[in-house]
Amino acid sequence: MFHNSSRGLFTLLLMLLEWTRPGLPSPLRPICDLRVLKHFIEEARDAQAAMLTCKEGCGLPEPVTVPQTKVDFSVWERKNALEQAHEVQSGLWLLNQAIGSLRASVTNTALHSHIDNSLINIFRIGKVLRSLNIQECTPPAGEVSRGEETWRVSSASELLQVHVNFLRGKLQLLLSNAPVCH
């Protein structure tokens with residue numbers, strides 16, 4: 001019995017060494033299945049629903065800047081893929097900043113897991129975008145906080161509604177039209 005478990009341990013060790021072996025990293029395979037996005041949207045809706053039931057310790061200390069979620073399809077379609085990707089990446093960056101501020105201000109511990117999950121999902125969405133050869137971009141400090149592409153919200157429920165709408169709108173448009181998926 002000990003012999004079999006040591007052989008399994010040895011196999012596991014070899015697999016780990018293979019994964020951590022220095023060399024060329026294997027490229028990510030494109031994640032083109034929109035069910036992945038639907039999962040993120042459902043979890044964002046869950047966070048929003050949890051926030052709506054919160055009565056105390058669940059507010060924003062000050063208004064935060066969020067991406068505009070309204071899409072003018074004629075304007076969107078005139079943008080090239082790089083411009084669309086930059087707009088989505090900037091929006092995700094803003095949402096990450098805003099939800100991070102929310103996490104720091106929320107004292108209701110029941111909401112922490114929902115907020116943490118939203119932050120983790122934004123990180124995961126970045127991985128999905130990288131799998132589609134859409135590079136991450138961090139907008140310059142002043143560039144994203146002003147202009148037509150942003151607005152300010154003052155409540156946590158508004159913030160999480162923006163999060164859901166952004167995923168359902170601009171992110172879904174970008175992912176559904178990703179060149180590597182066609």
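Even glycines carry a Cβ here, placed using N, Cα and C.
TrEMBL entries are annotated by machine, without manual review.
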Scan Cys32, Cys54 and flag the one TrEMBL records as disulfide-linked to Cys181.
Cys32
What whole-number Å value do you get for the CA-CA distance of Cys32 (disulfide bond) and Cys54 (disulfide bond)?
35
